[in-house]
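Engineer: Okay, these came from TrEMBL:
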- 42-293: domain 'G-protein coupled receptors family 1 profile' (DOMAIN)
- 27-49: transmembrane segment (TRANSMEM)
- 61-79: transmembrane segment (TRANSMEM)
- 99-121: transmembrane segment (TRANSMEM)
- 142-165: transmembrane segment (TRANSMEM)
- 197-226: transmembrane segment (TRANSMEM)
- 238-260: transmembrane segment (TRANSMEM)
- 272-295: transmembrane segment (TRANSMEM)
Amino acid sequence: VPLSNSSEASPSFLLAGLPGLEGLQCWLSIPLCSAYVVAVAGNGAVLLAVRLEPGLHAPMYLFLCMLAAVDLALATATVPRTLSFYWFDSREIGLGACLLQMFLIHALSAVESAVLLAMAVDRYVAICHPLRHAAVLTNGTTAKVGLLALARGVIFFLPLPLLLLPLPFCGPRALSHSFCLHQDVMNLACANTTPSVVYGLTAILLVMGLDALLICLSYVLILRAVLRLAAWRERLKVFSTCIAHICVVLAFYVPLIGLSVVHRFGKDLAPLVHVIMGNVYILVPAVLNPIIYGVRTKQIQRRILSLIHVTDR
């Protein structure tokens, strides 16, 4: 019998643990907790380094701060709740908390996608139109782009939980991830979900899909400009300024595509694969992004090392 959210018992969902490894969940949560600590420390260090280093108050590094803030928010919206399940067996999550978490995951992912696109445009202008770079991408313009990215994420993905809220859900309401995703929750509804399916697919294509295409277009134009340079050494020097951004783009889109493929074609896969892919999607960008830019940016390295040195003293 469908259990509607208008009934006395409010609908709730069961988060997915580690199927077949329930007895080891407490121990296996240690890598997850460690990755979260690394993500918080790394992204926090990047934010602090850019804040304290005047030489980094430039559009590329302000975009990097936005990326770090989004990664922190996305990891914090999911990992602590997952750890509470692994440590205290708190598996049940209410409808309201689930829909809020779902909205945050999708909206913040859209913001991250927009920031990655803005960083690609920054690289394009810096390489293809270097004389116009300072005039086109000012700090004020960068702040406006960040606000637009946030507004777009909220506007496009706020309808997702609103479309699911009135639907009845049938038991058992077991999710296939350790957090709430739109498609996962939607599949548990025992009502017509066509509007939710159509809107969800449209939002993903118009946001992440369009961003990915524009990022690819930016790099096609960058490659064309780089290949016009006469010397190979000069080509490599110019293109090396894009390496960190390319790695960050791959760290975001490869897990996103992998998770989408698992949802679409992975019905016969072991449930553990769904759980692992979900955690990879949330944590890989948050862990890798500060490492990538920390390695590639000498100013960030120096500022972080100086902060560590001061703390040690």
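Just so you know, glycine gets a Cβ as well, placed from its N, Cα and C.
TrEMBL does not curate its annotations; it predicts them automatically.
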Engineer: Report the listed stretch (27-49, 61-79, 272-295) having the maximum count of Cβ pairs within less than 8 Å of the transmembrane segment (238-260).
Structural biologist: 272-295
Engineer: Six or more residues out from either end of the transmembrane segment (61-79), which same-chain residues have a Cβ under 8 Å from its Cβ atoms?
Structural biologist: 32-33, 36, 39-40, 43-44, 46-47, 50-51, 101, 104-105, 108-109, 111-112, 115-116, 118-119, 122, 139, 142-143, 145-146, 149, 178-179, 248, 282-283, 285-286, 289-290, 293, 297, 300
Engineer: When you scan the chain for residues with a C-beta under 8 Å from the transmembrane segment (142-165), skipping those not six or more beyond its ends, what do you find?
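Structural biologist: Non-local partners: 5, 59, 62-63, 66, 95, 99-100, 102-103, 106-111, 114-115, 118, 182, 185-186, 189, 195-196, 199-200, 203, 206-207.
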Engineer: If I count Cβ-Cβ pairs under 8 A between the transmembrane segment (27-49) and each of 99-121, 197-226, 272-295, which range comes out on top?
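Structural biologist: The stretch with the most contacts is 272-295.
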